[in-house]
């Protein structure tokens, strides 16, 4: 039998306060020696369901019209989001990540080792984040974070703390929204779907997607793979660029500088950064070093802010 309707009281979300955490070092002392009498407050399962559902669908409604969409929440995409969140708190920024867990390959270093290695001056980005690191004795240009997850978890927590940024993980970008721009096209948003749906298009039918409109899309999906270099490959199939350059063999010295220097708007409304750019231009891969991923993200944010107002005006036409 269903409980009486009076047992559930709808909460007005607009009035829901944000509870800020205390950090005085004594919070957990209140539990000490009191575990025998410990008890949670009562809850109905439907309240959990409604708390999740109400917020998620509110976010879908809010970000259906975004200012900037970032595709891919790896080290480059999250670095982009961090800079944009700090610089322009007035912008609505949606991050779309195919995996359940954001962070891309930045939870570990190379070959599943723990340490994250990067070259100066990317250490300045770590200073801004407050991530500690060591100087590598063998090379004055190299610094090392004791565990890659320290960088990624710090960056992710800071990005998610911005009230104007929403991460939609376990969600794929399946296509780009386009508009005519003379003889060319411009990008005007993304086409999305649950990742599990995207993975099963070959064995199920009639699973149409959703959309997000945005005057600017920043693609940082990494090099070619199951979901990697997606926007780059889509540009070829829609004849926005002639062909992909294809990522070349590993050369850290040339690859990192090339990626940072060439992070740019490759088509109207679409900025590409990180290893996805190597697939477009034919740069070398860089392997287990992360300096360019961070600074390509910083530059992508800078490029975005340079062109945003113009792209926004074009999308309003």
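The backbone N, Cα and C atoms fix where each Cβ goes, glycine too.
All annotation found in TrEMBL is predicted automatically rather than curated by experts.
The substrate binding site feature in TrEMBL is assigned to 76, 97, 98, 105, 173, 208, 223, 275, 285, 286, 287. The feature 2,3-didehydroalanine (Cys) is assigned by TrEMBL to 206.
Overlay of TrEMBL annotations on the structure.
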residue : record                     : Cβ within 10 Å
76      : substrate binding site     : 35
98      : substrate binding site     : 23
173     : substrate binding site     : 27
206     : 2,3-didehydroalanine (Cys) : 4
223     : substrate binding site     : 18
285     : substrate binding site     : 15
287     : substrate binding site     : 14
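Mapped onto three states, the DSSP output places residue 223 (substrate binding site) in coil. Those residues noted as binding substrate (76, 97, 98, 105, 173, 208, 223, 275, 285, 286, 287) have their most widely separated CA atoms at a distance of 37 Å.
Cα spacing between residue 223 (substrate binding site) and residue 206 (2,3-didehydroalanine (Cys)): 29 Å, rounded to the nearest whole number. A distance of 17 Å separates the Cα atom of residue 206 (2,3-didehydroalanine (Cys)) from that of residue 173 (substrate binding site). Under the DSSP three-state reduction, residue 173 (substrate binding site) is assigned to strand.
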